[in-house]
Structure formats: structure tokens, C-alpha cells
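Chemist: Dumping the structure here so I can ask a few things about it.
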Amino acid sequence: MGSLDAPSVVDTEVMEFAKPEDVILYVNGKCHVLPPDVAHQTLLEYLRGIGLTGTKLGCGEGGCGACTVMLSHYDWQAGTIVNRAINACLAPVYSVEGMHVVTVEGIGNRRLGLHPVQEALASAHGSQCGFCTPGFVMSMYSLLRTKKNAPTQSEIEECLAGNLCRCTGYRPILDAFRKFAKSETAAYTNEAIKAAGGQAPTKDTEQFICPSTGKPCDCGKVSKPKVVENGTAEHKSLTEEKKEREANGAELDNNTGVKDNVPVPREEPIFPPKLFRRKTQPLFLRGRQGLQWYRPTSLAQLVALKAKYPNAKMVGGNTEVGIETRFKNFQYPVLIATTHVPELLAMKVTGGGVEIGASVTLTNLLESFSHFVRERSEDETSGCKAIIEQLRWFAGAQIRNVSSLGGNIVTASPISDLNPLWIATGAVFTVIGNGGATRKVAAKDFFIGYRKVDLKKDEILASVFMPFTKRFEYVKEYKQAHRRDDDIALVNAGLRVTLKSESDGAWTVEDSCLAYGGVAAVVVVAKKTQEFLKGKPWNRETLDQALALLEKEIFMADNAPGGMVEFRRSLISSFFFKFYLHTCYKLEAHAGFEHGLPETYRSAVAQYEREPSKGIQYFQTAKDATAVGLPFQHQSANLQVTGEAEYVDDIAMPARGLHAGLVLSTKPHARIVSIDASEAEKFPGFEGFFCAKDLPGANDIGAIVHDEELFATEFVTCVGHLIGIVVADTHENAKDAARKVKIEYEELPALLDLDAAVAANKFHPGSERVLEMGDVNSFFENAKGSDDVLVAEGEVRMGGQEHFYLEPNSTLVWTTDSGNEVHLVSSTQAPQKHQRYVSHVLGIPMNKVVCKLKRIGGGFGGKETRSAYIAAAASVPAYLLQRPVRITLDRDMDMAITGQRHAFMAKYKVGFTKEGKVLALDIDMYNNGGNSLDLSGSVLERALFHSDNVYHIKDMRVRGRVCFTNQSSNTAFRGFGGPQGMLIVENWIERVASEVGRRPEEIRELNFQEEGQELHYGQLLEAPRHRNVWAELKNSCEFERQLAEVEAFNAQHRWKKRGLSMVPTKFGISFTTKFLNQAGALVQVYTDGTVLVTHGGVEMGQGLHTKMAQIAASEFGIALKDVFVSETATDKVPNSSPTAASASADMYGGAVLDACEQIKARMKPVADKGNFATFAELVNECYLQRIDLSGHGFYITPDIGMDWDTGKGRPFSYFTFGAAFAVAEIDTLTGDFHLPRVDIVMDLGNSLNPAIDIGQVEGGYVQGLGWVILEELKWGDSAHPWIRPGNLFTQGPGTYKIPTVNDIPIDFRVSLLKDAPNRKGVGEKERSLAVHSSKAVGEPPLFLAASAFFAIKDAISAARKDGGHTGWFVLDSPATPERIRMACADEFTQPFAKPDIRPKLSV
């Protein structure tokens, strides 16, 4: 593994580098000679450039996993092939030279057959929008190729922690991959089959009764995978499983597109034999703008190159440099890769410790230290264990697989997870300079300033020596982040103490080291506290004195960068307290130490070990169903798992195509003084700059009112306001040229949050809305002085939420017929809106603009309106230059300019009885609309509509206004204001419960609405099911038993607490703007008996196309595989409404049904006369008789409408009801949390597809978890003065944290209410309220995540009670670790904050 001895001297002028023809890379078994001038390219860019578009660009910073591939190389020292998952978006293409890359295309496809990993994911409904799917496939595939034996379930979940999914809620992904685990899962499967109404096998029978068909089948069989030599497992293909179903009479044809009788490939892509024999050579290559790339193969070469280029940047995994160059615009003219220097890859035990080469990856470090822990005594490996535990939460596996130890150290991040531990363990760094001169530097002396270390320009970090610990020496790691997995620390620590026994039986401190990160510009060592501890007895008195010293020694100013000062300071104390407990318990075990600690403290030091996730799905399938009502997999699932599903950015660039870069405002509010594009025009590849003066049509745009400009003319009103667009020959050139456009501003005062807007009385014109029932003023006037009525007032605040669809906004625009027509393919939920915007700004009629798409990689409302102006901007150069133009936003830009879920603030006044019966309610609410109205008025209206949730309130008034702020315009997001309205409701429900001393669940039940009651907007409540779902949930979750268990847990644990909550929902279904409730579809029947369906809805992962195919198949009585749903296009179905409001399946399903019925009616006379064996025979005869086999269907939602002049109407066709139960556990000392169990019951009528609908429920709930707990937007506003005014700080997965696979409930149970068709009326007047008596599902489940929020609050209440704080307290959302921990209010927060602290929140 090389040597760390001083290197010989090398002359760089005579170094021999590989010849251009020898610079190679194998991809999926094929050898590619790499170009000599692409040092600037990432592996992802290279792969996509050669047509392998299954590997996706989701974030560009290694935070989402969509770009995951497997990298293989031959380790000469170990004599083995090493397989690792890596992020292709970060890996420089030359960094993988001489290696083998396997992409999702390389392991299976529909033509030749799916790999078992691919088919498992497809058949388990683990792919919805599909954009993240190839990354999950490759992470799992890489794990199987890496492991010698089958992995455990925990290893599977850990390997997926670096992959994000916004659609599924992860549960079906875990279910799919569980089959590859070594643990037996039959018990789980049996339980799931019983839950779904099936019959599990008994001792008397080996046969399963399928819950889907009611017939015997093999769907419940689970066997332990047979592991073969290469570490993969043998499994059946979908084709084989289909044959077994057919043999058992239980066919469920999934329209998979997998050809029958095609065997699945059993041989994995082999490691190219040529690479076994290939000698690694030094590289010298180039890139754009003069970039030089070196890859030395010896320490001597590396030292010589560093001496020649002292300002060169050293590159290991490129996980830091890649982000700096991509997002921070850093320029490094010379890059030197350290990955192939054997001396830096060495690791050896020597001199009472271990010496680790600086290029050792964090994965290798983790594996080696794990080996030490297994093989060496516990006394020696306390430091090793601390490193291991810290690495568990360090990024994802893909990052650890390439990140180097030296790069992590030399980056000198003040929040580095490992640097405090190197200091605490007494590590010593070896530095090598020019000529091979070496010196030793103690870790505690190495970090000399913010991102500055004790390295001269010609020096490199060569190795790290970490001494083993001795007996009674304890090292412990601590870290708290926004999210447990794959997140940077807010505060971390490496703490060490050495204790010795005194003659009197006491234990005293011999030595200690207390190193904290995240509290200053460098890691802080508490030297004064360490000095104090020397010789002191290890007892509570010493602890208290040390805590007091730490409080003074490590000080943070109120305006410290990063904010959260009170929280971060409290963590310093909490970590030391935890360390004291940890050491006491260790000493107790090792030496019988009598610590005198209460038994209730012990769990405070328990290492978090997450149990493998599990779930149960209860659902009912339609009897005698052929298509509708059965759990078919997503129609595009097999395309998605193989990477063959095409998204906008996957489409090959047409000839002469250009890339676009946006010119954006850098000021929140300013007058434009001048625009100068002269420097941009000189940039290589530049083809044009376009702004308002170049528009051939109009510049005014807007979703409802035209209060926006496509290109700003005189004023900019937010950071990210579009000023112009640059086109160039490459994506990078377009971005760089756009940065060269100089804008001169005259800055103006800005309104940066809701508080500022309300104070300035700045609202969007015409946005005020009022709904009122009864006489609120009279009630509260009469309530004054009453002993029978209680009144409570309060305020609710909630932050916004980023959509974080995995596919960024993307559009490809081109002209045809010499510019007479414009065509575009866009990632949008509203193709008609794109068509209209493009037509408007180009000044051409809509009939000459066609927008189309096949699918989008997630939308959630974010691609309903805000994607349209991006497409319109790209259409301008495409039209004027008559050249194709592609624009794909980088993740940071997408987040900064396209808007988010609205932040809300509400003030409430509620009157109620002493029993908790609510009598009156008065609410004033405000949402942050941003710099344009967009859909904010409609979002506010729905929030007002949902301000009752499921509760009857006789006297009620809700008023709302849309605030104008100088932020990018906020927009639609799943739930569209409904969740915000209901979260306000449940906050005052909890307040009432607190005031009267009852459980919130009791207050909810006491105030439930009844059928026939008038709602506060005039609609009568018909066919309510909230009582049904509530009763079923309360019974199935065993609420009373769970409550008793939570209370018992809390009595036994002081620093860990549990809470629970049950929350209902009532979500109105329809667009609240009446004219949008219309839909069209085109159905065409062909002479071979197949059917083509085209409709106006957009497939974005919700299974809309699959459901439409099911409806058509059921109507014609044909197999689902005989129905195909074509692309959505404005020239096929005109004037379509956005795919939004959860209403698309209802509307487009009704339209498809209408078209099918028209065709059937024409076919009926022929069918009645003949005896046709097949549908194809009937169709052919109809064709011969000249019968029209094409139908245009149309549907309008009946009996709806709202009159805002009177505040009365019937805005909703019906309601979807649901309820959720959650148990939460928190660490009161850090604010960490997890969810041991969640149960959901949803009323979805007669489900069109239970598998898809359950996926929507789970995905919606987990997305809601992000909203109420994890995801916090941070803006440059009054709450965050350390952020530049008006700028969004959280612009990517590095700073904005959506749930990962390890954030979902451990036990996740979903049930669909049975025997509950969506119908109303009696007898002859009975009718379905939606197609096939189904109900909408997309948005309603999201709010149910409030159950987790209030369960956490319940746990906090228990903690506050132990601390002597009772009564009502405010918890704003999201309930991040900061808010959880500070609300717990104990002796460790008391020095820094009052018990009623409300941590700062961007609203």
C-alpha cells in the first residue's frame, strides 16, 4: 500500500505522462478514449454527452444521488476488484481514467430484460416520477456488488441515505430492496398479506391467497436470496413471475413492456480484463479556460508538481472543489489529483497508534477502524469508535466512497465532523514540502484561521497519526444537524477525558480535551475548562463548575454567522453533559464506579440505532375487476428503473442548438440604471443577449393578473428577477457569459418578510378575502366577564417549503417552417400556460405554438405557473435566431427564482366552554406572496376555506391578505394553502385543550362536524367520513394502549421523551376557480384491438396515465397492456387546465370515460349482431363498416361555484377525509427526533388503483413531514441578518434538507377505508361524485404529517413538565432540532434563553 517515507526528488520537466490515445475509460464494458481537453467536465457530463442519459443531474453537488453510478478499479495491493457507488456529478471525468463505470443502462433494459434490482423496484411500486429511480437502482446494485455476502436491512437503508426521493416516501423502495437482505422477511410479508385481506400460509398449506385477486398465487413467497460469487443474488424476473401468476389463474398484466420469453441477464457487467494488466500512468490534460489537470502516481511526483505550482489545488474526491467551482465560481487554473499516489493510500499500525495516508477515503477509514474495533481491545479503540460513529452521519455512501481524509482536514471547515476528533484524540499530522522535507504538526495547532491551516504553499498533508487510547481514557463524538443523515453539523464536538483512581476511591481527571466545531471560525478548544478539570474529581459538582466555565469560555455573538446562537450555545453544554454521563456509565461498567445518577438519565447516552423500516398497507380491491381497482404498477415503471424514461434534458440537442443562461438581479429592490453586455459578447461561444427591448411581442405576464414583466425594464423587485437571457454554444459558456453582463443599480428600500409588509400595510391589490358565519363580534362582546366562556388569543407562524422536484425546470424550444411555428418540450404541469406565454411574448397566435411532454420528474405545484416564464424567455432567442434553445436550470438557481410554498402568519381569537366546546373563532391570516401575485390569492382562499378542518363553529370569521415582499414570487405547492389553513386550526385546537386540561384528541372529537351542517362558506357538508376514518384509526392504532405506553416511557426517561397525536383532515376537491374544472381527452381504437389515449393531464409520478389506461381498459373489456397513453400535447387536447388541485384523475378520467362510451355506443349495433371472439375482431368489423373509432371526450365538474361578493357558495365537489396517528421520540438535550410509528386511514372511495393511491398517501405524508419538521427556508431578512438582504441561503441539498430514507416512520401503516364509494343521494338519485366512485388523493394526505408535529409537541410538553414548565407554549413550524431543543427549556438552555423563546423564522 505504499510507504510514507520521504520521497526522492523528481524533475517535473522530464516526467512522462500518458499518451492521449492511452487515456481511457470503460463504460458498461466498452472502452472509450477520453478527449484530451475536458478536464473541466464531470463524469456525469461525459456520460450524458455520449448518450447515457439514465444518469441524471438532480443537484450538481452530490446531495441527491440521482447521478449515482458504480465505479470499479483493480486494487493491486489487495489483489481485488473494488466496486463503489459514486456521484457522477462531482467526479471529474479524468479522475476515473483507467477505471470501469457501470451505469443503469449497463445492467438491464426492457429489450433484453431487467436486472433483479430493477424489476424489484418496478414491481414494488418504488418508482413514481422516476427521475431519482436510476440513482436508487445503482446504489442498491453497487451495494450488492460490494458485499461478499447478502447485506442486512440496515446496510441497505444506510446505502440509500445518499439518495433522495420526493415522491414515494421511500417505503416501497425499501420494500423492493428488502428481498436482497440476508434477514428472513416472511413474517413481515405474512403480516402484510393478512392486513390486505389475504390468507397467509399455515402449516397445513403452502399456498397464499392473493389479496389483489382472491385467488391462489405466489406473491407472498419470500425466500432468502442465493448469493453467488460476485456478491449478487439470483431472483425471478417479472416475466417469470407473470408466468407463475398465469399458471395459477391470477394474471395481473402490468403493461410493463418487458418482452415475454426474454431471459433476464444473469451475468453482471464484468470488469474489463485489460484493466487487470494496465499500469497506472501519470496524466497531464487540459480543460476550458486554460485549466491544467495533473495526476501523479508517486509521492515524489506530487511534491515536485506542488513545488512547481504552489497555488495549485489538490483534488481527492472533488466533493469540495467541485462545489466551489460550480456554485461559487471559483477558478483553479491547476488541479493536482492525489488519488493515485500509493504512499498517500497507505494505512498501518505503528508506535501505539495508526498512521493513515492523506488520500485514504473515508469509506476505507471507516472499514479499517471497524476492523480495529473488532480485533483490538476496547481500551485501545475508544477513539476509533468515535470516528466510526461520526462517519455514520457523514454525507452519503457515494461521498464517503471518494472523499479523502486529507481533503476533509485541509478544507479546515469550522463545522468539520472529524477535525474536533483529531484534536481530541491527540492526532499528529505529517507534512511534506519541497525536496521531501517533513515536519510534524499536532492537530490542535494545525487550524490557524477560517479555512486556513499550517501548510506552506509548497507543502502537502501526507498522513495522520492517531494514537490508540489507554485504559480509562474515553473519547466521544457529538454532532447535531438539521437532519440526522447526510447533513453538515450545526455544532459538533470531540471530547476526551483520562481518569485515574485515587486511594480514597474517587476518580479524578488526569487529562482532557474539549474540542468544539460550529461555534467559531475554527475548531475551538476549551483550554481554560481543560485546565480546570485537571485533578478534579469526576462528579456532579465538577460537572456544574465545568459547564459554567464553558458558558463563559466559548462565547458566540448574537449576530454570529449561521444564527441559532441560543441553540448552538446550549448544545455546547448539552454535549458536555452527555459526555459526563457517558463516561460515568463507562466507568461503572469498567471499574464499578458509583456515580449516583438517577436511572432515568441512562437513556441520554444510548447510541441511536434505527430499526429497519417496515410497513403495512390495508386496501380493498374491486370484485371481478379487470383493470380499474386493481394494484397495477406504474405504466412507465420499467422505463424508469432502466433509465430509458425520457425527460426534457435527455432529449438530444438538435443541430445548431444553443444553451441559455439567465441574467438575474442581485438586488431585492432597485432601479436599473444600465445594462452592459459588452463583456459577455467577447466570451467564447457567445451567440446573443436578449432583454425587454428585443421582444417581438408583449412583456407583461402573470398567472392571473399581468403584474409581472418577462424581462425587467426599469425596476427589479427581488433577487433573481429576470433581466435578460444569454445564449451560447454550451451550458457552461452560457452561464459564464450571463455572469459577464453588468447591471448597474440604484438600490431602493426593500420589504423582506411578512412582518415588514404588514407593518408597511403593503398587500397585493384586491387580495383581501373574508368568510363569515354567525355574529363573531357579538359573541366576543357578550363573552366579556362570562364565567361560562373562555377566550384565548394567539399567533401561529409557519415557514415556506421548497418543492425540490428532482428534475429541475427544463425547456427545449425550436422553430419549424422557417420560423412560422414554435414547438417546445417543457417540464411543466401546465402546457397550455406555456403555449399562452410563448404566444404572448412572441406576438404570434396560439395555434402556431405547440407545447408537449411525456412526463416530468416531479412538480408538486412548482411547475404550474413559475416554469412558464422560463420557457417564454428561452423562446425569444429561439424565435429570433431560428435556432433551437435549451434551458435547464441549475438547482441553486431553480430554488432561488421559482418560488416556494407560502409562509403564513395568523392571529386567532377563540371562544370555548370549560369542557372544550368551541363556540366562536376569529382569524386574521397573511401569506407571503412575494413580488407578484401569481396564485397567492387562490392559495389564500383555500387556506380560508380549510380554516374549519372538520370542526363545527357556530360563529366564525376568517380574513386574509396576500403580502407583497421583495422575494421571488411564491406559488402553488401540494395542498395549495389548505395545509396552512388546517395547521392554524390544529394549533388553536391544541390551545383549547391546554386551557381546559384535556387531551387534544378529546377536543377534536367534541367538536366534529355533522352531516348537513352549513360550512362557513355556505356549502352543506354531505357524506362526511371523518368520524369513520377517526374511529377506524383510533381502534387500529390502539390509541389508549399507546398513550399508556408513552406515559410509562416518559416516567422512566428524563432526557428522552415520547409524545403522540391523532389529527384528522377534510380536503375539498375541485379547482376553486370554476372555469378550470374542465378536461378533454382523445381516445382512438386501432384495428388490432389496441387503444391510444391522449388527454390534457400531465404525468408527474402520480400515476395519472396508468389510471387513464385502466379506465379505458375496463370500458372496452381489454387487457391493460393493450392501452397506451401518449404524450400530453396542446395540439392534441387544447385549453387544458393545469394538472393540479388533486382533480386530474377525476376530470381526465371522466373525459376518457366519455370518449370510450361514445365509441362503444357506435360499436354496439355491430357487437349486438355478431359473435366476436376478441375485441380486435369486433374493432376490425366496425372498421369495415366505416364506424368512427375515435372519440373526443369532455368532462366538467358539476354543481360547483363560489361567489366572493357574498362569501357563499359550493366551491367543492366533495371532500377527501383522512386521519393520522403518530408517535414521536425526541432527545431533549439536542432536539433530535424520530418516529417509531405512524398509522394513516384515508377515505379514497373506490380506489382506481390501490397501489398508486397508497404511494400517494405515503409520499404526501413524508413530504408533509419535511414541511412541518425538517425543511426550513432561510432568507436574508430581519430574522437572518447574516444572510445578504433578499437572498435565499438554502439553495440546494447542502443547506436545505428534505426527508431521507432514515427520516420516515419506522413502522408505517396505511389503510384505505373499505366499502366507502364516493357517491351521494339515495335510490334513483344516487350518483357517483367522481369516475368509478373514486376520490382524489394527491394533496389530502400531506397535512396529516401534522400528527408528527403535534406528537413532537406532546413529547416536548413532557420534557417541560419535568423542568417545571407547565401550560401553553408556542412551537412554530418547521419543528427543527433548534425549536425542539429550545422548547424543552431545562437547566442547560436557561443561561441562554427564556422558556418561551421562539427561534427566528423566515416568514
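Start at 1 and count along the chain as shown; that gives each residue its number.
Positions of Cβ are set from backbone N, Cα and C atoms, glycine also.
Below are the features listed in TrEMBL for this protein:
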ACT_SITE  Glu1339  active site, proton acceptor
BINDING   Cys59, Cys64, Cys67, Cys89  [2Fe-2S] cluster 1 binding site
BINDING   Cys129, Cys132, Cys165, Cys167  [2Fe-2S] cluster 2 binding site
BINDING   Phe394, Ser404, Leu405, Gly406, Gly407, Asn408, Asp417, Leu461, Lys479  FAD binding site
BINDING   Gln829, Phe860, Arg974, Ala1141  Mo-molybdopterin binding site
BINDING   Glu864, Arg942, Phe976, Thr1072  substrate binding site
COMPBIAS  232-248  compositional bias 'Basic and acidic residues'
DOMAIN    21-107  domain '2Fe-2S ferredoxin-type'
DOMAIN    286-471  domain 'FAD-binding PCMH-type'
REGION    230-265  region 'Disordered'
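I'd like to know what surrounds each of these features in this structure.
Modeler: A sphere of 10 angstroms centred on the C-beta of Glu1339 (active site, proton acceptor) encloses 27 other C-beta atoms.
Cys59 ([2Fe-2S] cluster 1 binding site): 26 other CB atoms within 10 A of its CB, across all protein chains.
All protein chains shown were included, and the count of other CB atoms within 10 Å of the CB of Cys165 ([2Fe-2S] cluster 2 binding site) stands at 31.
Every protein chain considered, the tally of other Cβ atoms within 10 Å of the Cβ of Leu405 (FAD binding site) stands at 24.
The Cβ neighbour count for Phe860 (Mo-molybdopterin binding site), using a 10 Å radius over every protein chain in view, is 30.
Counting every protein chain shown, the Cβ of Arg942 (substrate binding site) has 25 other Cβ atoms within 10 Å.
On the 0 to 100 pLDDT scale, the domain 'FAD-binding PCMH-type' (286-471) averages 95 in the predicted structure.
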Chemist: Using DSSP, what's the helix, strand and coil tally for the domain '2Fe-2S ferredoxin-type' (21-107)?
Modeler: 16 helix, 29 strand, 42 coil
Chemist: Near Arg974 (Mo-molybdopterin binding site), meaning Cα within 10 Å, which of Cys59, Cys165, Gly407, Asp417, Glu1339 (recorded positions)?
Modeler: Glu1339
Chemist: Out of the binding-site residues listed (Cys132, Phe394, Gly407, Gln829), which are within 10 Å of Cys67 ([2Fe-2S] cluster 1 binding site), Cα to Cα?
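Modeler: Taking Cys132, Phe394, Gly407, Gln829 one by one, the ones whose Cα falls within 10 Å of Cys67 ([2Fe-2S] cluster 1 binding site) are Cys132.
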Chemist: Within 10 Å of the Cβ of Lys479 (FAD binding site), how many other Cβ atoms can be counted across all chains shown?
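Modeler: Excluding its own Cβ, the number within 10 Å is 27.
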Chemist: I'd like to know which of the binding-site residues Cys64, Cys89, Gly407, Asp417, Ala1141 sit within 10 A of Thr1072 (substrate binding site) at the Cα level.
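Modeler: Near Thr1072 (substrate binding site) by Cα: Ala1141.
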Chemist: Given the binding-site residues Phe394, Phe976, which one has the fewest other C-beta atoms within 10 angstroms of its C-beta?
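Modeler: The binding-site residues Phe394, Phe976 were compared, and Phe394 has the fewest Cβ atoms within 10 Å.
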Chemist: Write out, in the order they occur in the sequence, the residues of the chain not among Glu864, Arg942, Phe976, Thr1072 that have a C-beta within 8 Å of the mean position of the C-beta atoms of the recorded substrate site.
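Modeler: These residues sit around the substrate site: Gly861, Leu935, Ser938, Val939, Glu941, Ala972, Gly977, Gly978, Phe1071, Ala1140, Ala1141.
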Chemist: Can you count the other CB atoms that lie within 10 A of the CB of Arg974 (Mo-molybdopterin binding site)?
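Modeler: Other Cβ atoms within 10 Å of Arg974 (Mo-molybdopterin binding site): 26.
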Chemist: Distance between Ala1141 (Mo-molybdopterin binding site) and Cys89 ([2Fe-2S] cluster 1 binding site) at the Cα atoms, whole Å?
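Modeler: Rounded to the nearest whole number, the Cα-Cα distance is 34 Å.
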Chemist: Inside 8 A of the center formed by the CB atoms of Cys129, Cys132, Cys165, Cys167, which other residues of the chain have their CB, for the recorded [2Fe-2S] cluster 2 site?
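Modeler: Along the chain, the qualifying residues are Ser127, Gln128, Gly130, Phe131, Thr133, Arg166, Thr168, Leu806, Gly857, Gly858, Gly1101.
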Chemist: For Glu864 (substrate binding site), write down the residues of its own chain that are at least 6 apart in sequence and whose Cβ falls under 8 Å from its Cβ; none is a fine answer.
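Modeler: In sequence order, the residues whose Cβ lies under 8 Å from that of Glu864 (substrate binding site) (at least 6 apart) are Thr828, Gln829, Ala830, Lys833, Leu935, Thr971, Ala972, Pro1138, Ala1140.
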